[in-house]
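Colleague: Found this in Swiss-Prot, in case it helps:
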type     : residues : note
DOMAIN   : 1-157    : domain 'Thioredoxin'
ACT_SITE : CYS45    : active site, cysteine sulfenic acid (-SOH) intermediate
BINDING  : ARG120   : substrate binding site
Amino acid sequence: MKLYQKFPETQVITTKGPLDFYRDVFEKGKWLFLFAHPADFTPVCTTEFVGFSKVYEEFKRLNVELVGMSVDSIYSHIEWLKDIQERYGIQVPFPLIADPDKRLARLLDIIDEASGVTIRAVFLVNPEGIIRFMAYYPIEYGRKIEELLRITKAALVNYKAKVSLPVDWEPGQEVIVPAPSTIDEAQIRMKLPNAKTWYLTFKKYDELPQDQRVV
């Protein structure tokens, strides 16, 4: 899969039961945050599941469906999640996809052919089923969840307000309005107080309508 492509229309089995991405997520107006991990009962993946569990409510508040996946069996998933609960006191609240036949992993092109496991991948998909962000991480590195939340919030503001976000943007900071497409618009833009030049104009975050902001 590539950025801006349509997410596959498919059904999967998870630790919370069957999941149809379009019927259960996109058609309900939700975003999808899908993250793949290489294998159950591995050290880095365990720390990630503890971390993602702690921010589950934050994703839920943003109307984003958080879902994990790997090519392990559903029974391996269940046993691993039980182990996490026993050792860390955390009940993983989001569904974990079992993909032992690697069908979804191959559709997403996230199989490491040498080891046969899923790579450490992330997909953020909007309610139209379009991939708006994707990233791959080495097997030895854990993801920075705080940064993934920031990217998710940026994607939501971009989607709702049709604005861009500058370097190191955080919710509450200025956004960038689209560049003008005609010379007349460019000349008008240069007269605005927040215009750095004709193609770069900022807008205060609190000037966006309330329903276009995230916090």
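Backbone N, Cα and C atoms are what each Cβ position is placed from, and that goes for glycine too.
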Colleague: To the nearest Å, how far is the Cα of CYS45 (active site, cysteine sulfenic acid (-SOH) intermediate) from the Cα of ARG120 (substrate binding site)?
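Modeller: Pair distance, Cα basis, whole Å: 9 Å.
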Colleague: Among CYS45, ARG120, all listed as recorded positions, which has the most CB atoms within 10 Å of its CB?
Modeller: ARG120
Colleague: Looking only at the domain 'Thioredoxin' (1-157), report the model's average pLDDT.
Modeller: 98
